[in-house]
Amino acid sequence: MMRKNKMLRKYVPSVLLFLLFEAVAVALWIAKDNMFYLLNFSYIGGCLALGTVLFTAGKCYARHFVQLAVGSYMLLYLGIISRENMQIEGFWYYLFLGVFEAATIHYSVAKIFGPLVFGRGWCGYACWTAMVLDFLPYKQPKKARKEKLGILRYVMFALSLTVVSCLFLMKIAHLEEIMFRMFLAGNAVYYIAGIVLAFVLKDNRAFCKYLCPVTVFLKPMSYFSLLRIHCDENKCVHCGKCLQVCPMNVEVNQESRKRKNGTECILCYECTKACPTKALH
Ligand code: SF4
Ligand code: SF4
Ligand code: SF4
């Protein structure tokens, strides 16, 4: 009986995660009087909860399952079928319109305020760009990180803001249609750039490390994340296995939030699986 209770307790975080998303779903459903929010956040919360159940049960495909279930839903249903620009340009667009819908809600929950709780969980479990990049051959970077290239993310960020600002200032007609086409073109460019960079730098996540403009929001917010990988430095034997398997070059064998590349952690838990002394949790 005690063993059964202990087993069940392992799944409590999955239930809590689902309830957290349900709270957001119900709150937005009532506030916006729109059933879509109930269905949308229930689906995403359900996928994440199921993914964590699979992870807890030791299934190696758990993270890919969530990435594909959430990422393809957002890309195909919200982006292509519903014609919502869910990229950063869409965020600026809806922000300038003063509309708290689609991309603005998505950015608030997943990329601006959510990271205070779940860090860069979006990057590990839901991003539709990374859901493809993570299937490329360089899961563990084969070359040293090129820190200076990180400046490119700010260039991309400024570029996206400038383009959308110019469209508004020039009072361009059919802006909705233009934003939809930008979404299609932008995603094609991201996939091509991500795949080329992965092969050139021998690193699946090179796009995330150097080019992705969303990290301008994600990195500072995730510094304060409630959910993070902890290291019991007393148990660490400095074997370096965690550093080898980390796709994001996080110095995870340090407990401090100031650990090198600490704001890059995507909570994939590869390091915790690799650690021979269970120093990481
Ligand atoms: S860094 Fe950007 S591209 Fe990479 S997973 Fe995060 S949001 Fe997606
Ligand atoms: S391997 Fe560990 S430190 Fe690196 S991204 Fe995954 S969870 Fe974070
Ligand atoms: S894998 Fe574990 S023991 Fe080895 S360096 Fe990392 S934290 Fe320390």
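In case you wondered, yes, glycine gets a Cβ from its N, Cα and C as well.
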### Query
Which one of these stretches, 16-34, 92-110, shows up in TrEMBL as transmembrane segment?
92-110
### Task
Count the CB pairs under 8 A between the transmembrane segment (151-172) and each of 35-57, 64-80, 92-110, 178-201, then give me the winner.
92-110
### Query
Could you count the residues of the domain '4Fe-4S ferredoxin-type' (227-256) that DSSP puts in helix, in strand and in coil?
5 helix, 1 strand, 24 coil
### Query
Is the transmembrane segment (178-201) packed against any residues at least 6 beyond its ends, judged by a Cβ distance under 8 Å, and which are they?
75, 79-80, 83-87, 89-90, 93, 128-129, 132-133, 136, 138, 141, 143, 146, 163, 167, 172, 207, 210-211
